[in-house]
Amino acid sequence: MAMGKYSRVDGKKSSGYGLTITIVLIVSLCLVGAWMFMSSWSAPTESIDFSANERTKDVDTTKSDFKSEEVDRGSKSFPDEKNEETEVVTETNEEKTDPEKSGEENSGEKTESAEERKEFDDKNGDGDRKNGDGEKDTESESDETKQKEKTQLEESSEENKSEDSNGTEENAGESEENTEKKSEENAGETEESTEKSKDVFPAGDQAEITKESSTGSGAWSTQLVESQNEKKAQVSSIKWKVCNVTAGPDYIPCLDNWQAIRKLHSTKHYEHRERHCPEESPRCLVSLPEGYKRSIKWPKSREKIWYTNIPHTKLAEVKGHQNWVKMSGEYLTFPGGGTQFKNGALHYIDFLQESYPDIAWGNRTRVILDVGCGVASFGGYLFDRDVLALSFAPKDEHEAQVQFALERGIPAMSNVMGTKRLPFPGSVFDLIHCARCRVPWHIEGGKLLLELNRALRPGGFFVWSATPVYRKTEEDVGIWKAMSKLTKAMCWELMTIKKDELNEVGAAIYQKPMSNKCYNERSQNEPPLCKDSDDQNAAWNVPLEACIHKVTEDSSKRGAVWPESWPERVETVPQWLDSQEGVYGKPAQEDFTADHERWKTIVSKSYLNGMGIDWSYVRNVMDMRAVYGGFAAALKDLKLWVMNVVPIDSPDTLPIIYERGLFGIYHDWCESFSTYPRTYDLLHADHLFSSLKKRCNLVGVMAEVDRILRPQGTFIVRDDMETIGEIEKMVKSMKWNVRMTHSKDGEGLLSVQKSWWRPTEAETIQSAIA
């Protein structure tokens, strides 16, 4: 536009004057050109396109990170924690001073003209067209494809750099070191070509990427820098603090709500041991016990655990003579005894089998409930008989007893038979066991025993090993008479009473009826039959009622027929699913089979071999949204157990899980789970969080995930990509190690490992101050 103005003036001036102006302009342009050339030659690294180079660095970094994760996952050592902001600065500095990259770029610039540097190499033979200004008009189709595939890499390059404490660190307070050197160490390595790597991290053509046109970013920001800054802002907006609570490292939010407990009018029915969740889920992280170490592997953990992990000795002092637990140097040891089996649980287990062979451990009897479990040695040794025992006891009835059980690798939970139903469906347990469980079954119309009747499968057994069975004191005789009257009115048949001479105890074995004949022939309707409108499967926060649910006699419905023997039962499609529609829209039986095959494939081809999980450390597993229990079924041959959780707003598939010989529980993930901190080695969530975020605060849910997962434990999430992104930001803010990300068709997979990191600041939870 300026030259156009001068041309209009030229017609009014003399030719000599115009020549002078022309010479001045030419000289000026030459000087400017020389200055630009000298600047470019003297500092070649400054002319490198930061944006293009950043993208190249991103892809290289992600490739090397992915190779490290996929090939070297067996290593037990993981990168230390690293501050995210420092990470970005380091990356930028490395790019600007990388001699290899600088050399390649500079040599290319010296041999090409300015016009040639703006062109894109015709690597694929398609050619590039330019418009009148010399700019590229269209890119090759192959490069457009690479740019789309590269989007995931550019967004996750920073996040794929590990931010975890050392994987071999055993104590929480150790110093953290910066070990992030993956990109430099792996630069130039050849990517292994596998189907998974193509789906997750497409390789791209590095040579082609580095020859892209170098258009200086100047004062303009790049999308990569903007995205990195936004991610840092979002992550830093979550400022984690340690929970300052009376329970310290043993904090269970819904069981340590002292504000609610102090307001109770009565504790006669153990109301103070029931769940009282705070109005808002805590968003702080529970502290670690001083000297906490990684849990001992199963099966050694059944015999001993680290004292520093659960530094409680009261139970050893009170119950040591009954071989519950003893102190032994740096360990707490468990001789395998109990109040009713001082000489070992296995002898007691075999005694029960001999007393009534129809029990058939691990065949007919697969899933049992152990009430008032002590330290759960009974359930721990039933694994040797292929039996799953879910043990429960009130929190702190005996100091840390449930916590001991879980640390040993034995299924257990904090719960109480108080005023509400147990969080299980009706008619699911093959056997229920009570060994000196201190529950007054006979009082208040037998309300508590009737709750067991609800949970017990028709034809199932109730094993009562308590002093009224074999002692003749006045109190014991009175309880026995009351119990006999109640069980007869409930139509339970006393199958046998046997005495264990070695342990000097006895057991009475009852069986629940498989028909309603006895109920209909009773002379008195006491206890009364439940109303037809009373759903025996309704269990979440439902008050107890002293009534009997009729058993199902229709063979096409659940409960009328005993399940297949174990292990066939885990793969057998329940007959009663025939007339129902499945969760995924197909006929239920077809749905069940497809789900079973799907999880077998996922577990065998991905989880067991492709994620770098050391399964020898995995004992306590939770499926946070279980559906049919396919995930747990696929893991049945491993030496572990799975707590299957069916959220209260999901289809009620928990009875199907029990039918398969597995167990589980109902739960609302907007509240804390009734377990101690650091009790699970692996948490699995399949499309849980996308539904939770509609009604829960995900920060509170993730604080709960952190609470129940052990340091160095694994967290696997499958969900839509938006939700995966949110979860990834949160785990990164807690310094967890992102081990793997995968995306396809809008769905994502995230695998992370919890670190040892704890915040330095504290947050007082007023409801948890005693």
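Cβ from N, Cα, C; glycine included.
The feature compositional bias 'Basic and acidic residues' is assigned by Swiss-Prot to 54-81 (among others).
The annotation compositional bias 'Basic and acidic residues' is assigned in Swiss-Prot to 93-164 (among others).
Sequence annotations record features per position, and here Swiss-Prot assigns compositional bias 'Polar residues' to 212-223.
The N-linked glycosylation site annotation in Swiss-Prot covers N160 (among others).
According to Swiss-Prot, the feature N-linked glycosylation site maps to N166 (among others).
Around N244 (N-linked glycosylation site), the same-chain residues at least 6 positions away in sequence with a Cβ under 8 Å from its Cβ are C284, A762, E763, T764, I765. What Swiss-Prot lists as N-linked glycosylation site is N244 (among others), and the listing cites sequence analysis.
The Cβ of N363 (N-linked glycosylation site) lies under 8 Å from the Cβ of D386, S565, W566, each on the same chain and at least six residues away in sequence. For N363 (among others), the entry in Swiss-Prot reads N-linked glycosylation site.
The region 'Disordered' annotation in Swiss-Prot covers 54-223.
The topological domain 'Cytoplasmic' annotation in Swiss-Prot covers 1-17. Looking just at the topological domain 'Cytoplasmic' (1-17), the mean pLDDT is 42.
Look at Swiss-Prot and you will find 39-770 tagged as topological domain 'Lumenal'.
What Swiss-Prot lists as transmembrane segment is 18-38.
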DSSP-derived class (H/G/I helix, E/B strand, else coil) of N244 (N-linked glycosylation site): strand
